[in-house]
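For reference, TrEMBL has these:
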- 1-25: signal peptide (SIGNAL)
- 35-56: transmembrane segment (TRANSMEM)
- 113, 114, 115, 116, 117, 118, 119, 120: ATP binding site (BINDING)
- 283-340: domain 'Torsin-1A C-terminal' (DOMAIN)
């Protein structure tokens, strides 16, 4: 870490000053005050240096854009299984956005798929790639529909509160990250209140939202994703053959027309303000085994392939006859391991 030369010189002068000053030339109290003042000045100069300051305290966009993108790629490659589309699209979208110094709008990603396929996990990795504290960062804000917006009769109040929260936090940190979980349980029309913040405005009341990132998580559209995946499987094609173009348009239409989704007839979709609809494919038996192995290793145990297979076999799979996909993904792996490890 490089410090400014002026700050280093000032600090060095503090050490040499008592040795270079003739005896009696400066009164002890005056000398003490001078040293204290110079020390404070030097320390202020050093601490105010951005990189060192951010070492001690969290800063808005804690990591450099390129480092954030590299960390995102590395973590997805190591920890996400069976989601080739997710890894490819999320890395490209986030990396391109972070490196774009003249973005025209905030980045908006909508993650869709069955429970346990990795949606929350990916949003966590995105947060950790940008901020050292990840989801605990003061610049990362999570909203859970059933927790933060439970009552349909309070929707107008929620709209005002949501707008105020986003406006206030982006004013503090332009690179704020907002995560909306359980979009399929959100009251229809509520999410449209943030439409102005996702649009192509340079400023709104003096605030720019173009550096912010919005991530939406939803089970809505999972049926359409499974339908496409099954078609590929029944036609003898691998899941890796599936491309984003095979699903994205059908997925967005499915979500838009789903009355049980917070995106039902949403202006965010109608005005094309969601940049990517990202499908999480249902996980297969082999992917569940991968999840089990990683969880065992994270607990500090040696991987026992017999236990790995037993846990994977305990999961239920669909369709009923083919038994291809885990109906809970990897969601209950952690709990099942508790049975085998005290």
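The backbone N, Cα and C atoms fix where each Cβ goes, and this holds for glycine too.
Whatever TrEMBL says is automated annotation, not expert-curated.
Positions of TrEMBL features highlighted on the structure.
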{"residue": "113", "record": "ATP binding site", "contacts (Cβ under 8 Å, 6+ apart)": "119, 219, 221, 222, 225, 279, 280, 281, 282"}
{"residue": "114", "record": "ATP binding site", "contacts (Cβ under 8 Å, 6+ apart)": "219, 222, 225, 226, 280, 282, 327, 328, 329"}
{"residue": "115", "record": "ATP binding site", "contacts (Cβ under 8 Å, 6+ apart)": "219, 328, 329, 331"}
{"residue": "116", "record": "ATP binding site", "contacts (Cβ under 8 Å, 6+ apart)": "283, 326, 328, 329, 330, 331, 332"}
{"residue": "117", "record": "ATP binding site", "contacts (Cβ under 8 Å, 6+ apart)": "83, 280, 281, 282, 283, 329, 330"}
{"residue": "118", "record": "ATP binding site", "contacts (Cβ under 8 Å, 6+ apart)": "80, 81, 83, 86, 280, 329, 330"}
{"residue": "120", "record": "ATP binding site", "contacts (Cβ under 8 Å, 6+ apart)": "181, 217"}
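Sitting within 8 Å of the Cβ centre of 113, 114, 115, 116, 117, 118, 119, 120, and not among those site residues for ATP, are the Cβ atoms of 121, 219, 280, 329, 331.
In the structure as shown, the Cβ atom of residue 119 (ATP binding site) sits within 10 Å of 25 other Cβ atoms.
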